Amino acid sequence: MAPTLFTYSSIPFFLIFTLLPSVTPMPYRPNPGPAGPIDCSYGYNFYDRSCPRLQMIVRYGVWAAYRNDTRIAASLLRMHFHDCFVNGCDASILLDDTLDFKGEKNALPNRNSVRGFNVIDNIKADVERACPSTVSCADILALAARESVVLSGGPSWAVPLGRRDSLTASDQAANEQLPSPFEPLENITAKFASKGLDARDVVVLSGAHTIGFAQCFTFKRRLFDFKGSGKPDPTLDASAATSLQGTCPNKDSSNSNLAPLDSTTINQFDNAFYTNLVNNTGLLESDQALMGDPNTAAMVASYSANPYLFSRDFAASMVKLGNVGVLTGNNGQIRNKCGAVN
């Protein structure tokens, strides 16, 4: 069975940090990605002296947000993914637009979709009070993604630290580099490969959809007129299609309605996402497409049958993702506020 989800609202504050799962270091292979080689100062103990309470501050900040809104866990995890996939894990997704550049926040994949910026801003403010001008927003986002998974009942992993923040952002890069739920699997796999991530990472990181919701417009074409057929997507279970048609009526006003990515265990980070794919009840076309390729379908079947295998591989893939295009050393800066360069 998947790790038990704590009911944090019933736990006294002083016990929270002793009850959360410990972080066990695991080996990782730095992935230089498009930004070049990673500085030797990047590692697990980067802030041990300069900001020893960092991980506790981030953990509490995510917990405080999660107890009021369980959806925030998926949102912070997705924000980290969208940050790393666009020119590396450099907190560029957090930058507001300026006169000099149009950033990623309002790019098509992120506009009215990515959420949780205020949570990262609040955590950054707490970190600045404890350790001024020391910790990057990129590192805070990487840690927040892990805590979101842990709070949802998923695995923990050691997060290498020492990232620095970018000085700019690009809406064009976000539009071009982020995978789309409408793309064929080969396109998505190619985008992952460009980041140093392989087909297994595609399958494993898609498992993040075990939590969170999707807006109807991201999958509605599967429900009524799939590829001009006038019928639902034949790979979608008929009863699931009927249920989703009730949530997402065939009219524009339903486009922003929400449906759970995993309707079996909505807020629990587990391997039910893969069982849904095996049963043809995956929500997104790009997720269900994993069953259309023999290689990825075999991985889906393995993760559906073995939750511990999924937890182990998800943690490893998250470390790989977090190493993409990292800025270190004298590159970038430590932003004082995440929404703007210093």
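Glycine residues also receive a Cβ, built from the backbone N, Cα and C atoms like all the rest.
Using a 10 Å radius centred on the Cβ of Asp90 (Ca(2+) 1 binding site) and all shown protein chains, the other Cβ atoms total 29. As annotated by TrEMBL, Ca(2+) 1 binding site applies to Asp83, Val86, Gly88, Asp90, Ser92, Glu104.
Under the heading heme b binding site, TrEMBL lists His209.
Under the heading Ca(2+) 2 binding site, TrEMBL lists Thr210, Asp262, Thr265, Asp270. Counted within 10 Å of its Cβ, the other Cβ atoms near Asp262 (Ca(2+) 2 binding site) come to 27, all protein chains included.
The feature disulfide bond is assigned by TrEMBL to Cys51-Cys131 (among others).
Per TrEMBL, disulfide bond is recorded for Cys84-Cys89 (among others).
If you draw a 10 Å sphere around the CB of Cys338 (disulfide bond), it holds 22 other CB atoms from the protein chains shown. According to TrEMBL, the feature disulfide bond maps to Cys137-Cys338 (among others).
Of all Cβ atoms in the protein chains displayed, 24 besides its own lie within 10 Å of the Cβ of Cys248 (disulfide bond). Under the heading disulfide bond, TrEMBL lists Cys216-Cys248 (among others).
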Shell of the Ca(2+) 1 site beyond Asp83, Val86, Gly88, Asp90, Ser92, Glu104, same chain only (C-beta within 8 angstroms of their C-beta centre): His82, Cys84, Phe85, Asn87, Cys89, Ala91, Ile93, Ser166, Ala169, Ala173, Ala174, Gly325
Least buried by Cβ count (within 10 Å) of the recorded positions Val86, Cys89, Cys131, Cys137, Cys216: Cys131
Those recorded positions, out of Cys51, Cys84, Asp90, Ser92, Asp262, Asp270, that come within 10 angstroms of Cys137 (disulfide bond) at the Cα: Asp90, Ser92
Listed recorded positions (Cys84, Gly88, His209, Thr265), ranked by Cβ neighbours within 10 Å, top entry: Cys84
Closest of Asp83, Val86, His209, Thr265, Asp270 to Cys131 (disulfide bond), Cα positions, binding-site residues only: Asp83
Those residues of the chain, 6+ apart, with a Cβ under 8 Å from that of Ser92 (Ca(2+) 1 binding site): Asp83, Val86, Gly103, Glu104, Ser166, Thr168, Ala169, Ser170
Cα-to-Cα gap, Asp270 (Ca(2+) 2 binding site) vs His209 (heme b binding site), nearest whole Å: 10
